[in-house]
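Per TrEMBL, the features are:
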DOMAIN    B:80-157  domain 'Acyl-CoA dehydrogenase/oxidase N-terminal'
DOMAIN    B:162-272  domain 'Acyl-CoA oxidase/dehydrogenase middle'
DOMAIN    B:283-445  domain 'Acyl-CoA dehydrogenase/oxidase C-terminal'
DOMAIN    B:463-584  domain 'Acetyl-CoA dehydrogenase-like C-terminal'
2 protein chains.
Amino acid sequence: MPSYKAPVEDMMFLLRDVFRSDAVFAEMPAQTDTDCDTIESVLEEAGRFCSEILYPLNMTGDIEGCRLENGKVITPKGFAEAYKVFSEAGWGGLSASPDYGGQGLPRTVQILVDEMLSASNLSFGLFPGLTRGACETIEAHATEDLKNLYLPKMIAGIWTGAMALTESNAGSDLGLLKTSAKPRDDGSFTVTGTKIFISSGDHDMAENVIHLVLARLPDAPAGTKGISLFLCPKFLVSEEGTPGAPNNISVGALEHKMGIHAQPTCVMNYDGCQGWLVGAPHRGLAAMFTMMNAERLFVGVQGLGVADASYQTAVTYARERLQGRTPGATVTSPIIDHPDVRRMLLSMRAFTEAGRALTLFTALEMDREKFHPDPEIRRAATGLVALLTPVIKAALTDFGFEATVLGQQVLGGHGYIREWGQEQVVRDARIAMIYEGTNGIQAQDLVLRKLTLDDGQPVVRLFGLIRKTLDEAEPVPALASVRHAVQNALAHLESVTKRLTSGDLSSAEERNAAAVDYLRLFALTCFGWLWLRMAHAQTEAGISENGNKPAGKLATAQFFADRILPQTASLAVQIGAGSASVMAPDAGQF
Amino acid sequence: MPSYKAPVEDMMFLLRDVFRSDAVFAEMPAQTDTDCDTIESVLEEAGRFCSEILYPLNMTGDIEGCRLENGKVITPKGFAEAYKVFSEAGWGGLSASPDYGGQGLPRTVQILVDEMLSASNLSFGLFPGLTRGACETIEAHATEDLKNLYLPKMIAGIWTGAMALTESNAGSDLGLLKTSAKPRDDGSFTVTGTKIFISSGDHDMAENVIHLVLARLPDAPAGTKGISLFLCPKFLVSEEGTPGAPNNISVGALEHKMGIHAQPTCVMNYDGCQGWLVGAPHRGLAAMFTMMNAERLFVGVQGLGVADASYQTAVTYARERLQGRTPGATVTSPIIDHPDVRRMLLSMRAFTEAGRALTLFTALEMDREKFHPDPEIRRAATGLVALLTPVIKAALTDFGFEATVLGQQVLGGHGYIREWGQEQVVRDARIAMIYEGTNGIQAQDLVLRKLTLDDGQPVVRLFGLIRKTLDEAEPVPALASVRHAVQNALAHLESVTKRLTSGDLSSAEERNAAAVDYLRLFALTCFGWLWLRMAHAQTEAGISENGNKPAGKLATAQFFADRILPQTASLAVQIGAGSASVMAPDAGQF
């Protein structure tokens, strides 16, 4: 039956051999203690918690789901207890500021733990994930009073956070939102409106829920420039930090969703509740967006996590399941011996390991952005993070979903029923392509904003890093064919990028029509680059000094180069065809 | 809110203008009355039934699901009544033999109605679909007595059929099955064993369920050559055709599935029940396979149907939903105006309309195979049907599923919740990639058997038909760029086909590793071919005489050529890379 083992070995290979994180953190005064041995013990501890506590609750949570009773959300059996253990062990404050009780570990460690949480129990993982997002927003924008009152309890996991953005007529286009906020005499505000799709909107796992609500002040300009952010607690908090009277916040309904059934996605009514402004008036969207890179990286990692969970189950099943005979076999074969089953498993693995590498690369840049003393390095890191964030969010959830569909297919009929959990993983994985900005919106962000950010310097820098890896691999004969495939992919990407930024495809309409295919081309090229780096680190000629050599890296790199990376050529042709055929039909002709 | 309108106009365009079905049926003595006007009125009537009766039951059936009470399966509210109306109107016997009360209409009409049933209510459509499969098997292989006793009631929908093949250790590899059958003195048999994943295994919609069960006789050789087929009714039937005492058949459990919740997928126990041999001893698998082409075409059409249902909902939503502004717009735009949303909708449409065309092309060949007086034409048709069956089953369900995922994405968060039904369609669509032989198995069938069938004549014939369409399109300037794209795709397909059948990729291992990518390349090329035919039929230069010109055909053909067909180039490269990287890792390295 299925189980989950955290991929600590692969994570440590990336940190030690591929990205040499000891040297990276040694440059950051706040992180000089963060060596690989420390990280490894954190990861092993987190992995144990995820395998032993969270993974067994994943299927029972899906079956039981959340329910609304007398206006209160009840989470599935075991969730509240697990959250208590989780919080008491300090997992909620791993990367939070030590000023408010956090452990101050780098984003890199946080994101590796996030992968495990997502893999073992996506519904559960959203509770601390959203709380962290809320904390980061509060820390960056709220007054000292609000920070001191709310952050310690939230970081300790005693209270959780929720982000209330979407309304029924304002999703991708938040400029349309209608929730209002009116000033009170005491400096606080009265917030009124209804929000939908609010994850962790209400539950029984913590003593308070702190809502960050986007709303309009009376004098607000129309559109996105008139949105402000308000902190609205479920229970009003005394000056000593004790929750007291209920605020006027109620659960309108629980959504019936395809998956993440153990996560309460609520319609929330803010019925003239009391709220406090976070950040400047009319600057709420900007405040919310300060934590958006981190949130989107987190969502990308969700796609990665569920894909790995699905992969692990598919491998277990494929080893045990005897069916058919491979060419030349005299007895029934385990299906892992059939070439087409191997193709499916390798496709999943080629994605998860490259996706993990891209995540780690980006998380290290986020840590540089936050902790590095050199402003030039910080600036460069900011650009790379901004560029890669939409790629990670969209590509890791698109490919992650595709991987879970493959992981289900490996099990045949047994993948369609509850038994092995593979169908749940598909249903759960699907949400990550939608929330925190749909993947179409991410692609628009990449093509319309990020390619031209800072005069295109981040793109130039990234392509330079890819070329550096190509150069370093050149003397190694074992890498020649992978290297050649990556070189081709980069050529396609560079050529299309030029057309989109300054060539025949640079109009807003052309970029919009090209965006999703372009993001896929971009991501596949990055994956190819990182496969070449990983394969290089595993060869004798590689510069590894730690001897951590997970099996099959070069083989998987070769598979990726042979069987997946060629897609970049077609994507370049598809993008190159332009928007004409997309725009041709009248709306009435669909 | 969502609704479903049967695509009768598009179906009639294909019949009248693209495939000229009047001329086709005029050559078949048994079908000379089947003209387009007759078909159109049948389709309109079926479409009304599907829109008005079945579609409203689709979501309620999903929510309520089937349940097992005191050993009996209860189907969701409204299903039994709808099935009664359906049967009394004669829909169950549309293409069944008039000798046993059927209407004897061609497969072509049946498959168009099947698309509507699948689109409006996949769970429901399986009841008559499986009954038809059982009837066709009985008619082809059972004794006259069994035929006379069972077929009239099954064709009338008074009884339904179930196909009991799979066991827990015998799925793709039926040679491993263990259910036994022992002869009784009266010429019947005692059948003992447990089957899983039995669709329509038990229910409350008809007075009897007729199980066709694969089992082994005492003297059976091992493997697939020792399997016989038995007819086992839920209630034993008197000589007068009245159901009486229960047979020893019971429901072990209802499976908890990802989707098709209104379809009872059962674990069935045959506890020494009485059964009657159908066909020769040890030839049960062959008997079952006589109806496999039709069943697999039916499953392919399920993928097509659900994709069209999802498309219709996505278009409705995209027209109504206002969000964001397109370049130059001064007010909020309906999302159907955004290029990326159009890309998603056109991808769905480009698939469904080409998939429908491929289905109809194949169904017409099935009708030629059955009804045409010329044995040469029948033989040619048999080859084409055998070749295209795995392509249709796998490609229409793979692309169909991908289309439903796009249809869900168009709705953003509203696609992930129950409200518009888009998430149900994704869950329902997923099964069709698995049952009736997984899509991996279909690809093996194509590459290992069908390519070399009859010395490869069917493939040569199909490629010849594609070239004929290319030649006919050559003089038409408006078709030049679509034609060019199809020509490229065909060149890739022909080159790879040669390598797989007689070249460097012709070993069993290479073919197995190439199969899924090859089937996709094959299907895309067929879709391209049919888009060219459809576009041609819509141009002034086309040979249409009926003037039925659905909007947007040429535009969609161009979109397909520009934005999807280029994938064939990459697929050819991927296949060409061979199996080495697929086979490289040890089983322990996964």
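Backbone N, Cα and C atoms are what each Cβ position is placed from, and that goes for glycine too.
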The domain 'Acyl-CoA dehydrogenase/oxidase N-terminal' (B:80-157), counted residue by residue under DSSP: helix, strand, coil: 61 helix, 0 strand, 17 coil
Tally of DSSP helical, extended and coil residues in the domain 'Acetyl-CoA dehydrogenase-like C-terminal' (B:463-584): 93 helix, 0 strand, 29 coil
Averaged pLDDT, computed only over the residues in the domain 'Acyl-CoA oxidase/dehydrogenase middle' (B:162-272): 97
Counts by DSSP class (helix H/G/I, strand E/B, coil) across the domain 'Acyl-CoA oxidase/dehydrogenase middle' (B:162-272): 7 helix, 58 strand, 46 coil
